[in-house]
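Structure, as structure tokens:
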Amino acid sequence: MNNIFVQLAIILSLCSVLGYVVVKFKLPLIIAYLLGGLMIASTAIFDPRASEVLHFLPEIGIAFVLFLIGMELDLREIKSLGKPILLAGILQITITTILGASLAKVLGFGPVESWYLGVGLAFSSTILVVKLLIDKKDEGALYGKLAVGILILEDLFAVLLLVALTVSNSVFGLGVQQAFPLLAVVLKAVLLFGLALILSRFLLPSVFKAVSKQKELLFITALAWCFVYISFAIFLGFSVVIGAFLAGIALANSPFHYQIQGKVKPLREFFVALFFVYLGTQVNFSEIGKIYPLTIFFTGYTLLIKPTIFLLILGIFGFRKHTMFQTALSLTHISEFSLILLLVGFKLGVITQSALTTIALSTVLSMIIASVMITHSAKLYKRIGWMLGFFERKNYNHNLESWSDYRNLEGYVIVIGARKVGGEIVKLLRREKIPQIVLDFNPHQVEILLKEKIPVLYGDMGDPEVLDGLNLQNARMVISTSASEEDNKLLLEELKSRHINVPVIVRAETADEAQNLYHAGADFVIIPEILAGDFLVEKLKEHLPNGDFFKNRAEIELEKLSRKTLSWG
């Protein structure tokens, strides 16, 4: 069973069969992959510890996911959320570690082992959260940006800890020894981050412009850049996660990043499946009889105590309870970094096999349960949202603007999302002098709209309380450019429950989503790809018999584009 192709056949067949079952139950595919790993570990079909498939290929999946996320991030948005991300991450890691270590000591673990367990419980999985955010199309939501920002910070802390425990070699070849490992990491981190930003500004634009005429060459060059920077990160002692993420950020402002994303995404799914199968194989079933009570305890701690800590911290920063809930829920599990950390402790002789197995099984269980909760977070919020008011700061101004001038408006159009299509709608309404109120979760967009003196509310459409601030009953029309089917359904449900009968235009990504939204009460559903196809067909019908339309068409369209800004900012 050591043949790579045989192992791949077993892994993918298991994933396919289990995937069919979990999809039937409307559960995330990640559960099928984790269960597949557990089955391989429990039945010993082949030895996962000796499998090249499960030790090499999953890391490529991690690289692709973080590379794509880096490309989709707007550094201006991260900067605007920098303070809550930094403080929430540090406070959560500190509190969860101290509390977890204290509980581990009470349960009979030794002092050093307790601290390892406490730290292990503090981290959440970037790869799991990012995958679920992508599946829900929520990677652009406010809570999604908060969660990813906190996770990247946690990954940096995890790397610092791992290096502090294991580094004994020199820094930059200057002979700085074990006494100064953290100083070395700080210097290397500055170099790694700084170089990515410098190259993104001065070198990469020229390189990608030179290869952009050939799509295949553009794709290969993008992959080369990704793996070169990952290699550089590994050389400096950092993880694949950090290197891939920074490689993506360096291309975030590239005009070619959409083409690159389209090529990388199909590859990502295959490698990510292998990663979660690998996690499932890390459970040692020979120890389960001894440690299952501890596993249940640590899993419960992660699912209940950890999100409570996040709710308390995010409440301090004045976030609404819906955003707090979604962010906290996204971080309700144990990270694969925790396994690596305890494995280091095990090799150093300070962690027992039972502690390692406890964390391994708790990681898999918490990921399975968290996957279900995150996927069905909207339903969960409806059930327990009323309990979360305790965590929300009272009398806190959530908005970035004063609403005193707009409270008495009537007959206005509500526009949700002011970038790309939404931005053009906002401009049209302003030109036609039609009253409007805009909702956007991007602080940078909100600031720009405020400077243009356009009424705007800062918040997430998925939050029912934000919708209250829009005074829906006074609107003449509602237009949502959000790509989230879940959020658009929530909007339609809110309008229906309040007996508000106004035209509602929403966006969908597929024909199936559009049908669901029509059934939910939408008056018109925009499907960008279908609209583009219909527009092209009409143009061809009109101008195909006579080719005059296409003469000098490129110059005409280029001139239009030079005068047209597709988004605010």
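Using the three backbone atoms N, Cα and C, a Cβ is placed for every residue, glycine included.
Because TrEMBL annotations are produced automatically, they should be read as predictions rather than curated entries.
Here is what TrEMBL says about this protein:
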type	residues	note
TRANSMEM	6-23	transmembrane segment
TRANSMEM	30-47	transmembrane segment
TRANSMEM	53-73	transmembrane segment
TRANSMEM	85-103	transmembrane segment
TRANSMEM	115-134	transmembrane segment
TRANSMEM	146-167	transmembrane segment
TRANSMEM	179-204	transmembrane segment
TRANSMEM	216-234	transmembrane segment
TRANSMEM	270-285	transmembrane segment
TRANSMEM	291-317	transmembrane segment
TRANSMEM	329-349	transmembrane segment
TRANSMEM	355-374	transmembrane segment
DOMAIN	410-527	domain 'RCK N-terminal'
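Highest Cβ pair count under 8 Å relative to the transmembrane segment (115-134), across stretches 85-103, 216-234, 291-317, 329-349, 355-374: 329-349. Contact between the transmembrane segment (179-204) and the transmembrane segment (216-234) holds: at least three of their C-beta pairs are under 8 Å, each pair 6 or more apart in sequence. In the predicted model, the domain 'RCK N-terminal' (410-527) has a mean pLDDT of 86. Non-local neighbours of the transmembrane segment (355-374) in the same chain are 27-28, 30-31, 34-35, 37-38, 109, 113, 116-117, 120, 125, 128-129, 132, 136, 276, 279-280, 282-284, 287-288, 291-292, 294-295, 298-299, 302-303, 329-330, 332-336, 338-339, 342-343, 346, 380; each lies 6+ residues outside the stretch with a CB under 8 Å from one of its CB atoms.
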